[in-house]
Amino acid sequence: MYCTHLRMLQLVVMATLWVTPVRAGTHCRYGCRLNNMTITVEREDCHGSITITTCAGLCETTDLNYQSTWLPRSQGACNFKEWSYEEVYLEGCPPGANPFFIPVAKSCDCIKCKTDNTDCDRISMATPSCVVNPLEM
């Protein structure tokens, strides 16, 4: 009888641990999402700062301890799902200056990391996770 209850408890704990990371990811503050960012733009005739909407955040990544041909590694990168170019004029530009055309994110998604246009390096283990919010420390 005792062994049966112990076995059942082990199964419940294992099931809980299996589901926990999936549920934690859906409420993570560091997940892939739209984010406002201020950048500096310049050219010969003018320069200044603008605020754009871009994608930022962490994506789930699978990195196995062993190499396998039937279990591929996948590394997601937070990137634009839908975007468009917006015309931006800077205050410091002379009258009649050509505008800047800036890509602006409309929605974001975790997609397979494309090394031709994305930095796919791993993030340091010192990076805050969903469990620890640096603002609450």
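From the backbone N, Cα and C atoms, a Cβ is placed for every residue, glycine too.
Features as listed in Swiss-Prot:
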SIGNAL    1-24  signal peptide
DISULFID  C32-C78  disulfide bond
CARBOHYD  N36  N-linked glycosylation site
DISULFID  C46-C93  disulfide bond
DISULFID  C55-C108  disulfide bond
DISULFID  C59-C110  disulfide bond
DISULFID  C113-C120  disulfide bond
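The recorded positions listed here (C32, N36, C46, C78) include C32, C78 as those with a Cα within 10 A of the Cα of C59 (disulfide bond).
Looking at C78 (disulfide bond) and C55 (disulfide bond), their Cα atoms lie 6 Å from each other. C55 (disulfide bond) counts 21 other C-beta atoms within 10 Å of its own C-beta, drawing on all protein chains shown. A Cα-Cα distance of 18 Å separates N36 (N-linked glycosylation site) from C110 (disulfide bond).
Measuring Cα to Cα from C108 (disulfide bond), the disulfide-bonded residues that fall within 10 Å are C32, out of C32, C46, C93. Of the candidate disulfide-bonded residues, C32, C55, C110, C113, the one lying closest to C93 (disulfide bond) when CA atoms are compared is C55. Taking the disulfide-bonded residues C32, C59, C78, C93 in turn, the residue surrounded by the fewest other Cβ atoms inside 10 Å of its Cβ turns out to be C93. Proximity to C32 (disulfide bond), judged by a C-alpha distance within 10 Å, picks out C55 from the disulfide-bonded residues C46, C55, C113. There are 9 other CB atoms within 10 A of the CB of N36 (N-linked glycosylation site), with all protein chains counted. For the recorded site, C110 (disulfide bond), the DSSP three-state label reads strand. The sparsest Cβ neighbourhood within 10 Å, among the listed disulfide-bonded residues (C46, C108, C110), is found at C46. A 10 Å cutoff on Cβ-Cβ distances gives C113 (disulfide bond) a total of 18 other Cβ atoms nearby, all chains included. Distance between Cα atoms for C113 (disulfide bond) and C46 (disulfide bond): 34 Å, as a whole number.
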